[in-house]
């Protein structure tokens, strides 16, 4: 059935797992990537950490156990989408190697494309799009990755996007160009 869905959608589904600090540009790049993919005729789904935390994982906090459960649930949803032939973009801080390994194991190594949205903490603090760093530095938010909770950079990501050097358009283009051969059916 999985192959029939791939043929029907005329695409090879994968899960693009974007990881990086808050403010690194994951959601911004995902927005542009999804636009490009849809314009090119691909069927996509985007799972965003903030959106899931407002619904599917709203019962979870930010303890190590809750972060793990948050990613486990997200990976299970991504796996369901994958099995339905959908190219799935995931944007989660997913701060530890163990958490990302869990996601990869659930989804399957062959279909899991880890994209490291790399941006120095100082730049993320300057951007502070959500105001989280300001709150964390004033003690109003606890367990923020990069501030008072760890963020472990991927050791060997499928792709690394350096958002402090390249524009959103350049990073999106780099990701789209790398992705196209993986998802386009012959």
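A Cβ is built for glycine as well, from the same backbone N, Cα and C atoms used for every other residue.
Noted in TrEMBL for the protein shown:
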DOMAIN    13-161  domain 'APS kinase'
BINDING   20, 21, 22, 23, 24, 25, 26, 27  ATP binding site
ACT_SITE  94  active site, phosphoserine intermediate
(message) To see if you understand the setup: which same-chain residues, six or more apart in sequence, place their Cβ under 8 Å from that of residue 24 (ATP binding site)?
(response) 117, 118, 119, 124, 163
(message) Can you give me the residues near the recorded ATP site, meaning same chain, not 20, 21, 22, 23, 24, 25, 26, 27 themselves, Cβ no more than 8 Å from the center of the site's Cβ atoms?
(response) 91, 93, 117, 119, 124, 163
(message) Return the count of C-beta atoms lying within 10 angstroms of the C-beta of the residue listed as 'active site, phosphoserine intermediate', excluding that atom itself.
(response) 30
(request) In three-state terms from DSSP, label residue 20 (ATP binding site) for me. (result) coil
(request) Only counting partners 6 or more residues apart, tell me which same-chain residues put their Cβ under 8 Å from the Cβ of residue 22 (ATP binding site). (result) 93, 124, 129, 130, 132, 133, 144, 145, 146
(message) Taking only same-chain residues 6+ apart in sequence, whose CB is under 8 Å from that of residue 23 (ATP binding site), what do you get?
(response) 119, 123, 124, 125, 127, 128, 129, 130, 132, 133
(request) Using a 10 Å cut-off, grab the number of neighbouring Cβ atoms around the Cβ of residue 20 (ATP binding site), all chains included. (result) 29
(request) Do me a favour and check the Cα-Cα span between residue 27 (ATP binding site) and residue 94 (active site, phosphoserine intermediate); whole Å is fine. (result) 14
